[in-house]
Amino acid sequence: MTSIFKTMQRYAIIRSIALIILGIITLVSPEKVFTILVYSIAIYNAVIGLTYLIGALRNNDDQSSFQMPIAFFYLIFALIVFLFSRQLLGIFTVFIGILFMIGGAGKISQAFNMKQYVNLPWVPMLVYGLVLAGIGLLIIFYPFRVLSTFLGIVLLIVGILELIEYFKFRNVSI
């Protein structure tokens with residue numbers, strides 16, 4: 001357990017710097033990051049598919065009958081990711097936007113229901129619902145921009161937290 005903690009501690013500064021740099025690059029040039037990510041996912045799945053395919057062609061036993069469909073699944077998935085990455089990302093983010101809008105509408109409705117009670121503050125719930133609905137609209141109309149900005153911010157925050165953790169625990173020994 002001690003060696004795992006020390007190894008994680010040792011590489012925390014490298015991880016945090018890499019995450020901060022990746023977060024900044026994602027915020028500045030999301031198109032390049034997205035392209036690299038799509039190619040990486042497609043190549044990874046193609047390599048896995050080819051590995052299963054080669055294994056199925058080399059072996060003529062019962063196990064190879066299961067490897068062939070798995071190989072074709074990975075290869076077809078790699079092709080779909082490569083060819084339709086923009087559309088898949090768009091559909092996914094629009095779906096998330098719709099969920100945010102539904103959640104916002106529910107909170108707005110809940111705020112108006114709370115309005116009839118004197119002792120319950122309903123305005124914060126209304127503001128929260130409007131913010132959720134607004135975020136949903138932003139996601140629907142600007143799916144790639146919102147997703148890449150969100151990813152960049154998350155990477156920056158995680159990188160900064162890793163850096164803080166490194167400096168906080170660098171002298172701790174377990």
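Any Cβ shown, glycine's included, is placed from N, Cα and C.
Now, the feature entries from TrEMBL:
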- 12-30: transmembrane segment (TRANSMEM)
- 36-54: transmembrane segment (TRANSMEM)
- 66-84: transmembrane segment (TRANSMEM)
- 90-108: transmembrane segment (TRANSMEM)
- 120-144: transmembrane segment (TRANSMEM)
- 150-167: transmembrane segment (TRANSMEM)
Range from 36-54, 66-84, 90-108, 150-167 with most C-beta pairs under 8 A to the transmembrane segment (120-144):
90-108
Which of 12-30, 66-84, 90-108 shares the most C-beta pairs under 8 angstroms with the transmembrane segment (36-54)?
66-84
Hey, which bits of the same chain come close to the transmembrane segment (66-84), Cβ under 8 Å, at least six residues off its ends?
38-39, 41-46, 48-53, 55-56, 59
Could you pull out which residues elsewhere in the chain have a CB under 8 Å from any CB of the transmembrane segment (150-167), counting only those six or more residues past its ends?
9, 12-13, 15-27, 30, 33
